[in-house]
């Protein structure tokens, strides 16, 4: 397939923010792929996602930094590196630099007698970039740069622009998974729900695309969990009233301790190998060799996928330690030392698959029973503490028991016949009830950083505040909620430039909906936990714009930073719909007669 066909689609995607147009452009591109070579549909999907393969594969990245790209452009365009650097300062986009310089590259002399070069194919671009990624060892940096330069020489100026942006990790398309799923549904002749279900059970959108176009919609319906391939996790809603929680769940529920740890999906493969995925579907197996051993000893099955929480514990008392301790352990290079300093326990709460049986369509009581059968419990590897509750008093009492033992609160789960495992979905089958929700402040929310403001005075030289947004599921975009500048320690403020640097954008990212213009735009990637005084109507912020009141969105008053949430991706952030529910819930309480 001609790479120019893909590039034409990328260019059109870059020019629009309309969800309808994005889906139409993707649909036409996928139809073209099916006509030309349907076997590459998975790779085209990955390319649009800005990657060569899903992150959880654990394969190497392309591994060429900014300086290396500058050198590759200079080699390809036959100009000095200083000229590339100067133009980069002027344009702020290495892709545009490559496009301009390749358009001016010398074509006279001997080149006049050379046969016109063949059009570059997508297959060649992908395979070359893949080859670059796997170049390792001594001399690999120079080889990577020369290989990239060779690819740029074969490309048209416009193609060079997108190759460079891809290598730099800055495609700037504004395309989310939801838009790709909708387009795949169109070309496969099925519904969005069918594609989404398959993706939720097998978190590899390229692989799902290949099933859709090579095997058809019926094959998509047969997709089930597969050990070694992460399942997109089920998510919980939130409420702060025991009566409302039980009402939502149909009168009773299974209340489980909510642990302050790292959610983990533990896969036992038929060959006895254990793989661990984080909530963000990252392969974190190397960080937890102790958990690997717990699973090998404690899972009595040939193959299984179970879910639980990895919690840091005090080695002397066995009491839980904060989530930050776990993240500190993850950052340590000496894993053996980290294991001794910060030991962990695993609290299991669900089973997704076991010995050929898909458990996601089974109600919770059956899944819990099967989990009990499969797990041989030990002090380090056991089921979550849980209790069946049917009255607000029972729920409240169990909540305080959880708090007194050093945990966050409860997750209360439906136990009726339809209490299935909704992979990748947030719904009212699971409801969080945390201690933070008992305060007079608004519930803490997880928001995505989309901009930053320079600090003044004591904060000079770094950023003093962040623009944060909720996830707008309807538009597959990020809508602003507030500007947060308090709650940061001096150390956290000092780290902000380094933390934000990989995500800084010269222009507003396509998926960001904002009336506020920060000093620096930030591509949606980092998630922060924020708390505030209340949720109010706002003529400035765009979260839930026009949904509650015409012309107004919702904002958080007096927001305060609590902590970073490295375990969450941008689409895992609190949704604008959830913020609307929080606003209405608070409003209802204010309006209730005393």
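Backbone N, Cα and C atoms are what each Cβ position is placed from, and that goes for glycine too.
Database features (Swiss-Prot):
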type     : residues                          : note
ACT_SITE : 258                               : active site, N6-AMP-lysine intermediate
BINDING  : 256, 263, 279, 309, 349, 426, 432 : ATP binding site
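Annotated features taken from Swiss-Prot, shown on the structure.
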residue: 256; record: ATP binding site; CB count, 10 Å: 23
residue: 258; record: active site, N6-AMP-lysine intermediate; CB count, 10 Å: 23
residue: 263; record: ATP binding site; CB count, 10 Å: 17
residue: 279; record: ATP binding site; CB count, 10 Å: 21
residue: 309; record: ATP binding site; CB count, 10 Å: 24
residue: 349; record: ATP binding site; CB count, 10 Å: 25
residue: 426; record: ATP binding site; CB count, 10 Å: 19
residue: 432; record: ATP binding site; CB count, 10 Å: 20
Given residue 349 (ATP binding site) and residue 258 (active site, N6-AMP-lysine intermediate), what distance in Å do their CA atoms have, once rounded to a whole number?
10
Give the helix, strand or coil assignment DSSP yields for residue 309 (ATP binding site).
strand
In whole Å, the longest Cα-Cα distance within the recorded ATP binders 256, 263, 279, 309, 349, 426, 432 is 18
Tell me the Cα distance separating the residue listed as 'active site, N6-AMP-lysine intermediate' from residue 426 (ATP binding site), rounded to the nearest angstrom.
17
Integer Cα-Cα distance in angstrom, residue 279 (ATP binding site) to the residue listed as 'active site, N6-AMP-lysine intermediate':
15
Reduced DSSP assignment, residue 279 (ATP binding site)
coil
